[in-house]
Amino acid sequence: MALCLGQVFSKDKTFRPRKRFEPGTQRFELYKKAQASLKSGLDLRKVVQLPEGESMNDWVAVHVVDFFNRINLIYGTMSEFCTERTCPIMSGGLRYEYRWQDGDDYKKPTKLPALKYMNLLMDWIESLINDEDIFPTRVGVPFPKNFQQVCKKILSRLFRVFVHVYIHHFDSICSMGAEAHINTCYKHYYYFISEFNLIDHSELEPLKEMTEKICN
């Protein structure tokens, strides 16, 4: 029996506290606009398009934070099925293996259990979106010149969460009645990165067949 989304994606299962936008800021207003469009039933291809007169960097920032929150929630729900025993390697089937490297504690690409990889990934993203030098929240403070590159890296690594969840935990997704919700989240993500060319399409190869099925 399918559970309601409130039961499937409980906020107490998030890996990390949700990143929120400050009320009264332009980014908060953009976030509300994006959420209203999502709930309106509009075509997701149109929902992701940059609103007229809005800043590209602000629009990207809002979506990167929102995808972090949503994917964090999805994996937090699935993490009870993703243990060092069930997933000793962060992978997407037999063909794709993801190794962690952050330049600090892991200076070389390192093979890790999926759960450990996800913890490090969420810590890494959280540190970036909370860094005022990268994701400025104060009015008049510009984004750094490498902002788009940082966001591309975040989005490409978040894609790996979809890969692992879809390939290794799809049965659990279905048994929880969460398939439609995760598919919608993935479609939103896919249309956004495609609209603004934020990921090299070669990186999307692990989910190529599924993407063609649900996004075309």
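Glycine is treated like the rest: Cβ placed from N, Cα and C.
Fair warning: this is a prediction, and the values are worked out from it, not measured in the lab.
Listed in sequence order, the residues of the same chain lying 6 or more apart from HIS169 (Zn(2+) binding site) and placing their CB within less than 8 Å of its CB are MET78, PHE81, CYS82. Feature annotation from TrEMBL assigns Zn(2+) binding site to CYS82, CYS87, HIS164, HIS169.
Residues CYS82, CYS87, HIS164, HIS169 make up the record's Zn(2+) site, and a Cβ search at 8 Å around their centroid adds MET78, PHE81, THR86, ALA114, LEU115, VAL165, HIS168 from the same chain.
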